[in-house]
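Asker: For reference, TrEMBL lists these features for the protein:
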- 124-252: domain 'Fatty acid hydroxylase' (DOMAIN)
- 31-57: transmembrane segment (TRANSMEM)
- 77-96: transmembrane segment (TRANSMEM)
- 116-137: transmembrane segment (TRANSMEM)
């Protein structure tokens, strides 16, 4: 995140926003800047990719499904916009620790233990590490002691749209993002790679709520896509994973998506029309 902060300082904050005598490395200034940047960045990612997905990928016929709520799209957006600033508070604390040099993020490829190969391997390990972390955190949030208080609001959306992707209770949203932020404190990771992965995970979160169930046949039971996550919203105790089905299979919570078996939401709508 220090790359973004440095760019913001250089092109906007130092010359136009902050007093000339306020040093760029002063902690209070960094915290304030990170809070603003994090919120604006999260808002931009959510609204930009959510809107693109909603208008160009999401099947609007799903809005006629009996479990699609009245004014649902508006309610999803409002809930997300109210939650994002609160989610950003602990997130900014972790970004601040990165900026202050406590993480294992590095600037140059030469700093990677294995060069470009290390960068590529770190991308794979990031995905598998965060997928594992999110699986167990997500599953824990379904425990009766946590579900009603923190995770139930996200399950209001049985037939979700891309805008439901960030419509979490703030505690829920931060807890499920925690593996992304923990990873660079445990393992070396290139800073640009980290930014790219951060954008990717936000886009992926939107994609698994987009109602587009198409997955290459060979990967249907490997990749946790929108079909899998739709069944999670509908049937509750299945498909907790984020990118892969690996941990659901290990944890006994894997469910073959009903959309792949002719029993998904689109099939239900088709039967209603036929009747």
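From the backbone N, Cα and C atoms, a Cβ is placed for every residue, glycine too.
Automatic prediction, not curation, is the source of TrEMBL annotations.
Values in this document were obtained by computation on a predicted structure and should not be read as measured data.
Where in this structure would I find these features, and how exposed are they?
Answerer: Sequence-distant contacts of the transmembrane segment (116-137), counting only residues of its own chain at least 6 positions beyond either end whose CB sits under 8 Å from a CB of the stretch, comprise 109, 175-176, 178-180, 182-183, 187-190, 193, 197, 201, 240-244, 246-248, 251.
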Asker: What are the DSSP helix, strand and coil residue counts for the domain 'Fatty acid hydroxylase' (124-252)?
Answerer: 89 helix, 4 strand, 36 coil
